[in-house]
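Q: Sharing a structure here in structure tokens format.
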Amino acid sequence: MNIRKKINTDDLLLGIVVALTILMLLIVSSYFLKKNEMDKLTNGLYSSTNFRFSMKESEGNNSLHKFIKQTKQSNYILFKENIEKPNIRGVYSSQTLNTIPMKSGRFFQKEDFFHNKKLAVVGKEFKDIENISGKKFVNYKGHKFEVIGTIGGEVKSEVDNIIYLNLDALWDLNINSTGIYVIDGNDDGEKLFSTLESILGKDSVFPIEDKGKGSKRLFENNFIDNSMIFLLFIIALMMNILSTSYWIYKKRILISIQHFIGHKSFYIYRSLYYKYIFISICSYSIGFVLFLIFNIKLYNDHIYTYNKLFFIGILFMLIFTIGICIVSSCIYTKKNCIKVLKSN
């Protein structure tokens, strides 16, 4: 009866540690997600890896179209800045993004381009919007672009009054191709620029050294952010190792009794593994649900990221538990079971 009571107490303590650990990691991840949103907003939606260049080419629109066809397998966004007005920018995206902080609607998707669509995404403070038959439109030179989303976060930023229009529609309107462009995304901007340079020629496009405070600040903060994430991961790992080691230690008598009465090691540790996984996954899920109760909006905004974290956590837990069981089987062997029973 006493052993049964100890087992229940030990299981409860293990569950509490696991739930608190996942809750702590999710809270920290939400901080970095919000920080990333603020960084993007204050840096005009550009990341720290953006690459800026200027173009002086009369046939630049056709050349850019050719460039897009050649790089359709790459992941990047192409921005054209200051289209006649400082608050109008052109956008082409080769990927579907979930990292743009949206107040409502959505950002451009790769399916939005080269299908004879005129689409717009506006900042949350932009007011010059027409409502026609239940849809919202912005007017650019007499052409109506349908508003598919509104960008905005909790803080004011330079994008609050900016209009983003799909570049292919602007090319159809024969906009001037000269000006400043920004390549941003997962792929190497310099490599993409080299491809563009080979199409247009070195006399038509020129790299620009980005002295923007946003990009510089983001770059300087990356090391600090990564260091903090690594430190928190180590803390979480140590908490799990200590709590699991304690849990296994408290099970040593039960393990030794099973060895003593003739149970095979495989079946002993398989049973232990299943029990640990059951407790951990239940506690892990409880911690995740508790986080969702108070952060459902943040979860909906970053559902892909959180689901990815959830399944990575489950996978890590399965692998971690196998390692713990292997180590435990080496410590609490059949030969040591008599010593354990005598000491207790």
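Placement of Cβ uses the backbone N, Cα and C atoms for every residue, glycine included.
What you are looking at is a predicted structure, and each value in this text was computed from that prediction instead of being measured.
As annotated by TrEMBL, transmembrane segment applies to 12-33, 228-249, 273-294, 309-332. Marked as domain 'ABC3 transporter permease C-terminal' by TrEMBL: 227-335.
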Q: Could you pull out which residues elsewhere in the chain have a CB under 8 Å from any CB of the transmembrane segment (12-33), counting only those six or more residues past its ends?
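A: Contacts with the transmembrane segment (12-33): 225, 229, 232, 236, 239-240, 243-244, 246-247, 276, 279-280, 282-284, 286-288, 290-291, 295, 298, 302, 305-306, 309, 313.
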Q: What are the helix, strand and coil residue counts for the domain 'ABC3 transporter permease C-terminal' (227-335) according to DSSP?
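A: Tallying H, G and I as helix, E and B as strand, the rest coil: 98 helix, 0 strand, 11 coil.
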Q: Which value does the mean pLDDT take for the domain 'ABC3 transporter permease C-terminal' (227-335) in this predicted structure?
A: 81
